[in-house]
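Feature annotations, reproduced from Swiss-Prot:
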- 35-119: region 'Disordered' (REGION)
- 50-60: compositional bias 'Low complexity' (COMPBIAS)
- 61-91: compositional bias 'Polar residues' (COMPBIAS)
- 98-119: compositional bias 'Polar residues' (COMPBIAS)
- 196-503: domain 'Protein kinase' (DOMAIN)
- 202, 203, 204, 205, 206, 207, 208, 209, 210, 226: ATP binding site (BINDING)
- 329: active site, proton acceptor (ACT_SITE)
- 605-631: region 'Disordered' (REGION)
């Protein structure tokens, strides 16, 4: 108790900084009962005294090697535990109990400050390091500094995921990879579009992400931007070829009622939400088919509506095959529903021309080899190429890509009716698929030995079979099972499907022969300088719709350079420019995958929007229908669609989605 009294008296005689230190360590002093511990607890940190370093060096004694080692270890402690490390360091430098060596309080703390100032942290200069990636290693780190490498810029642009690669600057002009009839006057996204205020990702996949964009000139016009990313160890040239091929196929298949329209291939700049690259400006869908099937209310949807959706998807597939293109990745995620209930195919990332000569539709069929598509909807002949299954190479035979699409149609029909996918993989390792194959053979052996023969329209499996129980119609189950035939040689083709009497009798909500009127984006700003003296405000006035009478006859504001070059606002040199070449029927094969070394030629014409489709002849729908307000009179809605729309609008606010390629 005497030691405690004397010590407290000495502390009270210290300057104000020592008194504040006493308050800081007050709880420790009151809780201590041992004299030696009390003496150690009263040591102050170096921040509360002002003794010079030179004086402390002259008065501080030499310490044993063991104490030096412990002091050096404490100097490398983390900065967040600085108080604890200082306390332990000052405790370790005290002489043992009963020692005759006396160390003054000032010298003791100045020695601690000197030792810490000689540490590695104190001797180095401060470096601006906001991300903390250049911090040198300490005794707490198990990896040496020489083994660490600073990440590149992509590390920060992708939230630390350095595996995602970015295209080098400058981004290549998309017109260098497009045929002449598909070249664009505007290749910059920022020329005519802005990102939606929500800035949400509405779709994503392994090679892309989808966001909403709006027109600069009409905010209510909303479109989808499919931002494409590099995959695996893809080189920039392979990336450009892959994306341009997908755009050419999607553009070729546009203008059909059951195909999602693709408008532009543009360059996307680096923003807060996206990285630089290429992107598609596409029609925005309301919801994909998979999101509707997984809702609990889908079970109550009538079979007539499900069959209507199936027929719309089949019409889209048939149109692709008629154009010489195989989709090769059919699944509910790649089927979009428009606001008026029309089903549309999307995502042509792995689609391809299935003729040896894409220009000649009568040329032989080009077969495929390798693992393509999604396992639940890929046929058995494709699953033989799965490296994880280790199938015998003799089973890996080239296959017709059209048969792959037909098999996917059969699985989609089963999924629509049964509300779940029938099995996970179409291979012998999946128990569900093995049961399906056994049931298939049992039905042929016990009920209909001619089930696989062409032209046989007898009823298919009934209630006794698990995957045919919910069809409640033998003819409907026949179509589903014939499309999903495990044997590719006897599987239904797209022509066999459209010749089936049951399929022909399905009532649909839209006629596939009708022209779908889709709102196209307004293009006012061009990327290139037009060589024919194009004046944007003058030429666009006749094609830009407006309801404001004050804007119709408004004289545009012109710069002095424009006035000097063209004194008359309507002066053009159309006579000197050659007429544009007629559009080609097919895409030149050499233009699809050839990189031009010269810059793109100046565009002679400006495409403000695609040519409006010809007005089709009125055709009566094949089922009771209702007109859609504000749309073409030929666009009708099925009488069962109100159930589907109730499922769509019951979702969350982020209901618009365009599936991305996987």
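Glycine residues also receive a Cβ, built from the backbone N, Cα and C atoms like all the rest.
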Separation of alpha carbons, residue 206 (ATP binding site) and residue 329 (active site, proton acceptor) (Å): 14
Here the mean pLDDT of the domain 'Protein kinase' (196-503) is 93
Neighbour count (Cβ, 10 Å) for residue 202 (ATP binding site): 21
Entry from the recorded positions list 204, 206, 208, 329 having the most other CB atoms no farther than 10 A: 208
Would you mind pulling the longest C-alpha to C-alpha span across 202, 203, 204, 205, 206, 207, 208, 209, 210, 226, which the record has binding ATP, in angstrom? 14
Neighbouring C-beta atoms (10 Å sphere around the C-beta of residue 210 (ATP binding site)): 25
For residue 204 (ATP binding site), which of the three DSSP-derived states applies: helix, strand, or coil? strand
